[in-house]
Structure formats: C-alpha cells, structure tokens
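The structure under discussion appears below in the form of structure tokens.
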Amino acid sequence: MSESDETKSISSLISSSSSSRPKKYICTYEGCDKAYNRPSLLEQHLRTHSNDRPYKCTVEDCDKAFFRKSHLETHIVSHSEKKPFHCSVCGKGVNSRQHLKRHEITHTKSFKCTFENCQEAFYKHQSLRHHILSVHEKTLTCKQCNKVFTRPSKLAQHKLKHHGGSPAYQCDHPGCFKNFQTWSVLQFHIKQSHPKLKCPKCGKGCVGKKGLSSHMLSHDDSTMIKIWTCDYCDVGKFAKKNELVEHYNIFHDGNIPDDLLKETEVKKLENLLDQGSKLNNLHELETEKLKVEEDEEDEEDSLDEKRSDVRSDSMSAQRSIKSFTASLEGSKSVSKLISNSGKKINCPKNNCDRMFSREYDLRRHLKWHDDNLQRIESFLNSIEKEETPEGEPLVKKARMDLLPNETSVISR
C-alpha cells in the first residue's frame, strides 16, 4: 500500500470512528437539545449562546471576531485581493470553498425531472414545469393536430389562429365559468375577482389552483438541490438563502455567519446609495405628477384612480436621493419668496430646480422633501442598531451624503 493510500485509509477510519461515537456532551442551555460526540464541539456550540468570539481579526481597523478559527481564516482571505478558490467552469475567484460550491451550482442544471426513465434537467424550475406539461402530461398538445408546445400561451395562440373556436383560457376557480382570449386577461380576472390561495408550507399567496400546484413543486425535495447549509447543525439544508437566514434566526438565536450578514445588511444599504447616482430625472417626474393631479383632481372614475395610484407609486419609487445630498440655504421665508406676485418661486433646496407660481404648491413640494428625509433617517437608524464593521463606513457615508444638519425652511 502506498503512503497516500495509507493516509486516506487512516483518515476514513478516523472519520468513521468520530461519526460512530455517542453524543453524550449535551448543551445545558434551556430550550436547547443539541448534543455532540466531542467536548470541543460542545464548547464551540456554547459560544453561540454566550456570543463569545475568541478568534479576532488582527488586520488594522478591523474589529471582526468569530466563534471558530476556521471562520477567522476565511475572513482573513477577504482582506486580500487574491482569491484562492476558482470556478472550474468560468474561472471566477471566491474566498472560501463554501462560496465556490454555491457559485459552481449556478453552472449546473439543478431542477431534474422525476418521471421514470427521463434524465432531463433544467436550470430553472419554470423550464422543468414546461417540460413536464408538454412531454409527460401532454397537456400542452393540440388535440386537433397533435402539435406540442412548451407554454400554455403558445398553445392558446395556435388554437385561435389555426382552429378558431371559443376563447382558450377558462377560469378554474370553483363556480366561475368565464372564458378569456388571452392568458394575461385571465390572470387579471383571477387577481381582481378571486383571493389568492396560500401555500400551507410557507404562506405565499398563489394565483389559482394551478399556481398553487406549480408553487408546491418548489418545496419538493426531489426537484431541488439544497445548496445552502447551516454552519452549526447537519439538519439545516435549504434551497434558498432566505430560508437559511430564517433557520439561523429561529434555531440558532440569530447567530448568522458573517458572510451572510454582510450580504443581507450591507447590500441593502449599498442599493440605497446607488439610487442617488442612477436617478436624475426628479424634476420632470414631479412636474408630470403635479400636472396630472391638477388636471384630474375633480373628476376620476375608479379605474382612473387606480392608474393614478400606480403612477404615483412608481414616481415615489424613482425619486432621487440626490435631492437630499446638499444642505439647505439660509432661512428664506415663504413671504419673501412670494413678495413679487405672479413670479416663479424657486425651491430653496440646493440641487433642486423646481419652480412654483403658488405658495400651496411650494409647501406641498417641501413636505415631500421632509417626508423622504424622515424615511431615510428611519432606515439609517435601523441599520445602526445592528451595525457591522463592514457596514459602518457605509452608514457614516450615507449620513453625510443624505442627511443635512439644517432644518426645513418652511415654518408651519
């Protein structure tokens, strides 16, 4: 036997011996029934209850600390520009084996067909569903000419074009027998007329029985590969990252590993800052909104009101954070601003070129500024409560960029 074979044999024996040991080292914390076969593993677990993080990063200006030495070693790599682990498919570099495993799974076809003697697999769950409907269940086959389609919409279009007949889409809600020409109109009808059906496992609302049946496949272990694994226990294996985060919150007292915490919190703040650099059309959007409000203020039927709400929500979502990056000018009173009747009134905030002819419009516009400042203030306060070293510079930058110290110029 060669030296390498002997080493592998010894390693397998050690692993086998370790896994067969009785788990007699039990956690003494109330409500926790975890048990381990080594005292060192129990000691490691107890740190998650006491939040004792003995392994501290030695890099300057980094205060990170960890429960495990392996976590610290992985973190140290993040300070280096070199990426020790590289994808065998595309060559992308990452910091750890776990990150590499998560990345490489994106190159694999995770959703496999469960029908006997079928080896097909797909990158997306939707593609698997279309495959099952068209190939195995034959529900996407035209009964008149036997032509097979990959999507219900394609089959419906084919029937209307080549075979005529009544509308192809029928509502399957109990007691409803309405038919529709297109799939989108049917979906609109279901959303407006029938309540969503909740998934018994996750509570997600689904449109119709078919929508619920399709969603339930996402909970089927046989059709999904679970790539998100818990660092603390062998039970926690999930197909989605948010499910793993929820597992940490429920079963491990919210002790989320630093890589996941960094992704969820810091990314959220980065997205907020990105809004300010990408959206530069605030003036045109606000002008359009005011014009619509003035023209349609007196008469609007129910449909117009819905469209106005959607348009208003869309504009609100697109409002640029850039309008808050400059401090306010000196204390200009409204009376001074409108002293010359009939002239345009400028918004007193820097980097905002809006102009108004009425005091009412100016006040409403400035209230919009204040409301958004309060929203951003609330968000930054929530981030600071659970601030991490990675997130700290972003929070400070956001405060300097987004929240000026001066107060509003309008006295109410």
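Residue numbering: from 1, along the chain as shown.
Positions of Cβ are set from backbone N, Cα and C atoms, glycine also.
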Margin query: Labelled zinc finger by Swiss-Prot, one stretch among 85-107, 384-406. Can you tell me which?
Written below: 85-107
Check: Which residues of the same chain, at least 6 past either end of the zinc finger (169-194), have a Cβ under 8 Å from a Cβ in it?
Finding: 152-153, 156, 160, 207-210
Note to self: At a threshold of under 8 Å on Cβ distances, which of 25-49, 111-136, 140-162, 345-369 pairs most often with the zinc finger (228-252)?
What the structure shows: 25-49
